[in-house]
Amino acid sequence: MTLPLTETPTPATQAPAPLSSFQKYPGGPGAEPPAGSGAEPRGSAALAPRSFLAKNPSVFWFLLALAVLTAVVTILSPALGMGAMSTSFVKTLGKTLCLCIAALAMDVVWGYTGILSLGHMAFFGLGGYMIGQWLMYARTEEIVVAALASDPIPPTAIEIAQGVTTQIFGVVGSSDLPLVWSFAHSLPLQLMLVVLVPGVLAGIFGWLAFRSRVTGVYLSILTQAMTLALSLYLFQNDSGLRGNNGLSGLQNLPGLAETSQDDLSIWFFWASALGLALAYLLCAWATSGKFGSVLRAIRDDEARVRFLGYPVEGFKLFVFTATAVLCGLAGALYYPQAGIINPAELAPIASIYLAVWVAIGGRGKLYGAVIGAALVSLLSTWFTGGRAPQVPLGFYTIDWVDWWQVLLGLAFVCVTLFAPKGIGGIFDRIAPPDRKGAPLGPDDGALMEKEARE
Amino acid sequence: MSALLEVSGVSVSFDGFRAINNLSFSIGPTELRAIIGPNGAGKTTFMDIVTGKTRPDSGTVTWGEKGISLLKLSEAEIARAGVGRKFQRPTVFEDQTVAENLTLALKSPRGPLAALWFHLTGAGRQRVEELAAKVGLTDHLSRKAGELAHGQKQWLEIAMLLAQEPKLLLVDEPAAGMTLAERELTTAMLVDLAKSHAVVVVEHDMDFVRRLNCRVTVLHEGSVLAEGSLDHVTADPQVIEVYLGRG
């Protein structure tokens, strides 16, 4: 190494070029933007304010597809007398839409922010429990009142409450109304709990985890532990939520005893479709602006975002909690259609499925998450419902009820290996949303440009 | 002139190795300072301490007229207080466009709710355009940062640093990977910035430091070996010894 210190000083007059020469800076190799990039706004036009739909072209197509689906299901539903579709199938579709809402939440927290939460179905389940408490209490109350109406003396409020408690908790050998049922008589209060319980739990969990800067696989394991602990707790009769029996009869809406399940199923389907549309709009809005930009930046380089002055932990906590609340709301729409909820719904595997749906559908794209959740959960229903034809191999017969899991596992591995962008990536090939290259950095981007020239 | 940043008696060890040893350093609000030193002298660790990435074992780091201790603040809070940092390797958000990168860095309220309701105003848009023009990236605003050439990423990061409107700029090897012409532009820019900001440049390239024509701090084994003009420090026998000993 030569000793740099012995060099003669350069005269100070030599240096400063005027700053305006920066404007002429040609930019080095590959400076010119690729030619023929077409519709993409060049230069400062990229900064021009664009409408919400222009920024999110998928929103229009998604809402259109959802509207068409809703119309078709409505026409075919038994409620309108066509009867081409069974009530249970309408319910299955309605439930699927709720799962899509959860998948949207998962996509925002994982695909956009990079937090692989494997516990979001716990919040979904909690939302279900909260609405289930009211459904079960109010419905049982009706039955008890009807039963006591034949008594010569009109029943007191205490007698009714006692009757309801015995009805609900006889199965776990208890006759006291647990504390967690304090608000079960009131729909508005339980609806508040649908939001508050998942929100507060996610808030406390997230605050502890993110504050300690737990990231990556450790955070995933923690979220699995959370959902497992919650599930095990709910399995106990002491939890006050009927242990392993769970809450049942949720498909019967209080005050609507005369309404047939045909009508109820289509009402819930409509509500689920509306919920999904609103959730999609909300997620598209949140992820398209600067907020989404910060989330993706956190996913790609958390430390750098801190040096820009953004409270990374605050953002993570906000997203984790908000998506937990969204999951809770989706669960509150799901379980009245399912009719029953028990602690097994909060098992760790449920949250892993949610991640698998989003991965197969394509994370980082909202429509990808919806497609993945809808496709995989409907296929799952079909395969495990015993309707898929068995495959006789002579020496062995493939029964899809058993082999579906294997098929799903294979599909997951294949998507990870061969189509990391998931099913949603196929749409991008048909109609590239923008030509800004692949989402994984310069190498992939360069490849895309080469492909475009060919 | 009261100091903008005052580091005094700071020490930090990693697994018994003293990376920084009783280091003291101060810089005024409008000053250009170069930090040089052989590998392992503690230049990067020094920046890590100031930006809050590394917590020192002892010593104080005070900031601004009110003398706030930076040691109690998180990285994000320090950045919001006005410390901007440019890394040695260009670190831009490759998956996002140049415009998005600049908008992210643009000085604005940093909370989640503020980001949700954020709207790029006319003034903000103008500022992004100005910055892009300043570093020659106007035509590239809609491209993903990952597609830019290495030198362009350096410029983008410099523009992002300016967009933050920091009071103190910590610049780690700004000239790395730049052509001679680009180096001259970088020098001019840093000298110009130092008229209104405090700028600390960490650099290996002596030629580059000479062109900055500023006070130089020589670090060695985690503490200040010499401080003064380049001619002064290069005449210091201790400094020559360190460089010769290593060379």
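Glycine is treated like the rest: Cβ placed from N, Cα and C.
Not measured: the values here are computed from a predicted model.
Residues or ranges marked as compositional bias 'Low complexity' in TrEMBL: A:1-19 (among others).
Residues or ranges marked as compositional bias 'Low complexity' in TrEMBL: A:33-42 (among others).
Annotation comment: TrEMBL describes A:1-42 (among others) as region 'Disordered'.
Per TrEMBL, the feature region 'Disordered' maps to A:435-454 (among others).
As annotated by TrEMBL, transmembrane segment applies to A:59-85 (among others).
Marked as transmembrane segment by TrEMBL: A:97-126 (among others).
Among the features that TrEMBL reports, transmembrane segment is placed at A:187-210 (among others). Here the transmembrane segment (A:187-210) has long-range neighbours at 119, 122-123, 126-127, 130-131, 133-134, 138, 219, 222-223, 226, 313, 316-317, 320-321, 323-325, 327-329, 331-332, meaning same-chain residues at least 6 beyond its ends whose C-beta is under 8 angstroms from one of its own.
Remote same-chain partners of the transmembrane segment (A:217-235), defined as residues 6 or more beyond its termini with a Cβ less than 8 Å from a stretch Cβ, comprise 115-122, 125-126, 129, 205, 209, 241, 243-244, 343-344, 346-348, 350-352. According to TrEMBL, the feature transmembrane segment maps to A:217-235 (among others).
Taken from TrEMBL, the feature transmembrane segment applies to A:264-286 (among others).
Feature annotation from TrEMBL assigns transmembrane segment to A:307-334 (among others).
Below 8 angstroms of C-beta separation, residues 99, 102-103, 106-107, 110-111, 116-122, 124-126, 128-129, 132, 223-224, 227-228, 230-232, 234-235, 243-250, 368-369, 372-373, 376-377, 408, 412, 415-416, 422 of the same chain, each at least six residues beyond the ends of the transmembrane segment (A:340-359), sit close to that stretch. Annotation comment: TrEMBL describes A:340-359 (among others) as transmembrane segment.
Counting residues 6+ beyond its ends, the transmembrane segment (A:366-383) has Cβ neighbours under 8 Å at 58, 61-62, 92, 96-97, 99-100, 102-104, 106-107, 111, 276, 280, 283-284, 287, 353-354, 356-360, 400-401, 404, 407-408, 411, 421-425, 427 in the same chain. Residues or ranges marked as transmembrane segment by TrEMBL: A:366-383 (among others).
The transmembrane segment annotation in TrEMBL covers A:403-420 (among others). Residues of the same chain lying 6 or more positions beyond the ends of the transmembrane segment (A:403-420) and with a Cβ under 8 Å from any Cβ of it are 356, 359-360, 376, 380, 383-384, 388, 426.
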Please determine whether the transmembrane segment (A:59-85) and the transmembrane segment (A:264-286) are in contact (criterion: at least three Cβ-Cβ distances under 8 Å, sequence separation 6 or more).
yes
